[in-house]
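Here's what TrEMBL has on this protein:
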BINDING   G9, G11, K12, T13, T14, K134  ATP binding site
REGION    28-48  region 'NMP'
REGION    95-105  region 'LID'
Amino acid sequence: MFAITGTPGVGKTTVSEILRRKGYRVIHINEVAEYYGCLSREGDELVVDLDCLDGRFDPYEWECDFVEGHLSHHIADRCAVLRCHPAELLERMKGKGWDEDKILENLEAEIVDFILVESLEMCAEVHEIDTTGKTPHEVARIVESIYLRQTASPPGNVDWISEIGGEIDRFIRKRL
Ligand code: ADP
């Protein structure tokens, strides 16, 4: 399976919708987790139990092109990690109306490459796409051509810590 992953707010849902409209079959990891009884609700949040999924998930039961979600790299062998400059990600997350704690948590995760590092541990084939300054359609086209093996986008070109001068706390506090 090919995962479309990345920090919440980076654009996975938007890009997935474009790919669906192009005719690709894209599922959300929550659908997969629910099917195996590995999804629960904690307050407003749906929580995927990864240990539960690990024992039950069978990729051959799923006829799909892509799986999306910020945990989707846990059940895929190929993935594209969507990245976004923290300043632009902040605006995308504000646009979604998220509260300050959620914005902070996700901004930190993006800056320290959290999902990329996990993806490198979980997937045999990892691609990294910097979505900063790109339109959702441009990103969808890149994901599509990676999926079709027409192009590759190996990780290593994103370094937000250097870009923000190494001062994560200062960068975040100044903007919230
Ligand atoms: P996620 O599913 O990763 O949490 P969403 O797709 O729900 O993220 O939200 C991302 C937001 O950022 C949307 O409002 C989308 O329109 C916006 N956006 C701006 N530029 C891009 C881009 N290049 N790719 C994807 N989303 C983008």
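Placed from the backbone N, Cα and C atoms, the Cβ positions cover glycine too.
Just so it is clear, the model here is predicted, and its values are computed rather than measured.
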Check: Over all shown protein chains, what is the count of other CB atoms within 10 A of the CB belonging to G11 (ATP binding site)?
Finding: 23
Margin query: Beyond the listed site residues G9, G11, K12, T13, T14, K134, identify every same-chain residue whose Cβ lies within 8 Å of the center of their Cβ atoms for the ATP site.
Written below: G6, V10, V15, L82, R92, T131, P136, V139
Next item on the list: State the count of C-beta atoms found within 10 angstroms of the C-beta of K12 (ATP binding site), not counting that atom itself.
Entry: 27
Next item on the list: Using DSSP reduced to three states, classify K134 (ATP binding site) as helix, strand or coil.
Entry: coil
Check: What is the Cβ neighbour count of G9 (ATP binding site) at a 10 Å cut-off, with all protein chains included?
Finding: 25
Notebook entry, point to check: Going by DSSP, is G11 (ATP binding site) part of a helix, a strand, or coil?
Noted result: coil
Check: Within the chain of K134 (ATP binding site), which residues six or more apart in sequence place their C-beta under 8 angstroms from its C-beta?
Finding: none
Next item on the list: Tally every other Cβ atom lying within 10 Å of the Cβ atom of T14 (ATP binding site).
Entry: 16
Notebook entry, point to check: In the region 'LID' (95-105), how many residues does DSSP call helix, how many strand, and how many coil?
Noted result: 7 helix, 0 strand, 4 coil
Item checked: T13 (ATP binding site) CB neighbourhood, other CB atoms within 10 A -> 16
Next item on the list: Would you report the average pLDDT that the model assigns to the region 'LID' (95-105)?
Entry: 90
